Structure formats: structure tokens, C-alpha cells
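S.K.: Got a structure here, written out as C-alpha cells. Questions coming.
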Amino acid sequence: MKMGAKDTAALETQSIEEDFDQPSPLRKIISVASIAAGVQFGWALQLSLLTPYVQLLGIPHKWSSLIWLCGPISGMIVQPIVGYYSDRCTSRFGRRRPFIASGAALVAVAVFLIGYAADIGYKMGDKLEQTPRVRAIGVFALGFWILDVANNTLQGPCRAFLADLAAGDAKRTRVANAVFSFFMAVGNVLGYAAGSYTNLHKMFPFAMTNACDIYCANLKSCFFLSITLLLIVTVTSLWYVKDKQWSPPPVNPGEEKTKTVPFFGEIFGAFKVMERPMWMLLIVTALNWIAWFPFLLFDTDWMGREVYGGSSQGDDRMKKLYNEGVHSGALGLMFNSIVLGFMSLGVEWIGRKVGGAKRLWGIVNFILAVGLAMTVLVTKLAADYRKIAGPYAGPSPGIRAGALSLFAVLGIPLAITFSIPFALASIFSSSSGAGQGLSLGVLNLAIVIPQMIVSLGGGPFDALFGGGNLPAFILGAIAAAISGVLAFTVLPSPPPDAPASSGAMGFH
């Protein structure tokens, strides 16, 4: 036992020296980045299956977006706090690993509550024929909140861990974020593939119960696979890659008093001293996510409702049509993730070809704007086809292919959204002196505040225009176009005396 403790101490000492002196080997970066596959598997299931699921539990469409408020609220509060304390964690296991391990454990608890929400609600007194199932919705909402807290506890430290392993090297930082984005795509592909397969519950016969129908049993089975993947990649990565142990830098007693600032004081302080490049990054990121979140929230619902013409609250044939559309949407999201994965591997090369990161980001934001606007055309074509073929016909093969192609094309801008902003934030933080966790937490505010706006206003905004998902999609297209213009015009190029920033933003 004594020898084992010495070996552990030697490994940790070695990792400290390596982290401080030079960037870590690529294999370690890949190992940590692989955690994104496990996290994103769960996110893919959330985005593709949970909005339809809460409607099946009885929440009306116009209010279903409110259940997603927990994500941005927990992101706004949890991720900056986790980032702040992971910058200062003095655990012998390192700064980031304790938070990543805690997040994985919370995911397991949350998945159990979400998967068994209908069963727990039934045991607590829900009637099977009753809608809404109030108790099941309560259990589901609790699990959903815990899942979002857990994901935010995982993702922030993972990003910061990658920045630590890059050790300030601009090229290695770009590569780390691109690899992270690639594994996000892998997780998306697996999650959406699982979500699009309608017989997954047969792998877990116990999943289907009196309170849990086939759709619910498939969702439960998907989450079983999700938590298995997450635990495998998390345990493997945390065992293989040692984290540096942090100790406070030596300061004079007088200086220590002035530098010890409460957490929220540091957040506001970060905004006060934030330079123009970071402000511009936050503005472009916020508009980018105002564009993305309506589609990410309602994409499969759009397929089931507008493209297939089904309804989660209609008769059995309408519900069947709606479910077919949701599963077809999950297939589209899988195509989206495949494109995202390939695009992630080529971000740096494409960036050099088009003249830099700001130009690449601007171009793909216009692609996003056009893609969201095209949902109007697909919806109209599907509605016209149903007038001829009948209300239960579903879309024609050509319309379905067009909708799935739209999903695939949107994987191009999504790859940029998942990589460039985080790489820039990591590099800007090194020049400002802020910790990686705190800087990524500040960037996260530019993501979660737009999500809160869409969650609060998306459903009622759609209802003002007669229901459906198109009004929010059109608003997203406008936001995407504005963010594209700003990326071209106000997002600054790096100063010539900052090689790290130059490498990140200009791909020189």
C-alpha cells in the first residue's frame, strides 16, 4: 500500500511538471475530449426526444419550452461557479477531475429519475388515462434539472482541463477544441441513432411497464446506453490523464487581502476589465445562440408536427404520425452530427482557406440563416402535399429527403459554434490573466441568457402567430444573419504582437 501511494505521488508530481512546462501529448487531449461523446449522447437524447415526451405527459406545446428553462438557469449559475472553484481546487486529485467525476455521478441519478418518471408518477397516484400526469411531470422536471446541473458540472471543467493540457499553446488549443467538437459529434451520432431506432426497448424488456409505453420504454433504454457510455469514457480518462494539483501562488500578506474577492465579485470584475475582443465575442455568441436554440429545441417537434402533420394530443393515428416524424427528426439529427464531425476535423484547414476564423464564422452564420429560413418552404410543401394525399399521408419521399438534407447542412455551422468561440475564449483568458474556468463560465453566460429568452418566449411567441414552430425559426434566421454581419465587421482581428490570439483567430 505504501509503495502504491508513492507511485501515485510520483505520477501526480510528474503531471504537474508536464502541465506547467509544455503542452501535454495529443493522446491525453484525445482521452479527455472523449468525455464529450458521453455527455453529448445524453444531450442528443434531450434535444431529440424530451420535448415530444413532455407533451405526451400532457404539457401543451406552447408551454413545453418552459421545461427547458432549467438548462440555461443552471448553466448561468452552475457553470461559472464550477469554473471558479475548479480554478482554485486544491484536491490531491487535481483541479478538474473531482468536478468531472461528480458531474458523471449526478448524470446517473438524473437519468434514473427521467427514465422512470412515468413509473414513479404512477406509483405516486397518477392515473394512466389522465393528462397531464402531474406527478410524473414533477419527477421528470426534477430529473431534468439535475441532469442540466450535472452536464454543466461536466462540460466546463472538461473544456478547462483541455485548456490546461494545451498549456497556452495556440495551435494545441485549437486542436483540443476541434477534437472536443469531434467527440461531441460522435456522441450526437450515437444519441440520435439510438433515438431514431424504434425497437431499442427490446434490448431491455423490463423497460416497458403499465405506465411506460413503447415511446417511454425506448427513451428509458436510450438513457441506459447513455449513462453506460459516459461512465466508461469518464472513468478511463480520469484514470489515464493526471490533473495538476493547484496551490495558491505566494503573495505578501497585504496583497492577499486585496486579491481575495468573492465569487460574484470576480464575475463582475471580469466584465469590468474585459477587453473589446472578448465583448465582441460575447455579442456574436449570444446572437448565434438566439438563432440556434429554437431549432435545437423544436427540430424533432417540427418534423412530427409540420412536416409529418401529426399531433402529440390528437387521436391514435395522429400520435403515430407525430412519433414517426420525431424519429425521422432524430435520424436527421444523426446526419447533422455526421457532417458536424467531419467539419470539426477540417475547421483549421477551412479557416486558412477562407481567410481566418472571423470570416469562417461569418460565412457559416449566413448558412445557418438560410437553413432556418428554408424550414418555411419545407413546411409549406408538406402542407400542400397533405391537401392532395390526405391528412394521414405524411410527407412525400422528396419532402422528407429535403427536410433531412436541411438537418445535414446545418451540421456545418454547428461545428463552428461548438469550436471557435471556446477556443477564442481560452486564448483571450491567457492574455487577460483570468482563469480558464472563470473565462469559459463568462462565455457560457452569452449562451445561456439567449436560451432563457427563447425558453420563456418561444412557445408564447409561436402561439401569437397561430402556433407551430415557424415564427421562432424565422426569428432565429434573422438573428443568425445579424451575427454573421457582426462576425465580419466588429469581431476584431488579433493584434500582431499576440501570437497566440493570431493563431486562434487568423489560423496563420
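Yeah, the Cβs are placed from backbone N, Cα and C, and that goes for glycine too.
TrEMBL feature annotations, pasted as is:
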{"type": "TRANSMEM", "residues": "29-54", "note": "transmembrane segment"}
{"type": "TRANSMEM", "residues": "66-86", "note": "transmembrane segment"}
{"type": "TRANSMEM", "residues": "98-116", "note": "transmembrane segment"}
{"type": "TRANSMEM", "residues": "175-195", "note": "transmembrane segment"}
{"type": "TRANSMEM", "residues": "223-241", "note": "transmembrane segment"}
{"type": "TRANSMEM", "residues": "278-298", "note": "transmembrane segment"}
{"type": "TRANSMEM", "residues": "330-351", "note": "transmembrane segment"}
{"type": "TRANSMEM", "residues": "363-383", "note": "transmembrane segment"}
{"type": "TRANSMEM", "residues": "403-425", "note": "transmembrane segment"}
{"type": "TRANSMEM", "residues": "437-458", "note": "transmembrane segment"}
{"type": "TRANSMEM", "residues": "470-491", "note": "transmembrane segment"}
S.K.: Considering only Cβ pairs under 8 Å, which range in 223-241, 278-298, 363-383, 470-491 makes the most contacts with the transmembrane segment (29-54)?
M.R.: 223-241
S.K.: Taking contact to mean 3 or more CB pairs closer than 8 A (sequence separation of 6 or more), are the transmembrane segment (403-425) and the transmembrane segment (278-298) in contact?
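M.R.: Counting Cβ pairs under 8 Å, at least 3, so yes.
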S.K.: Where else in the chain does the transmembrane segment (223-241) make close Cβ contacts, counting only residues six or more beyond its ends and a cut-off under 8 Å?
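M.R.: For the transmembrane segment (223-241), the nonlocal Cβ contacts are 24, 28, 31-32, 34-35, 37-39, 41-42, 45, 97, 100-101, 104, 107-108, 111, 114-115, 161, 165, 187, 190-191, 194, 200, 204, 207.
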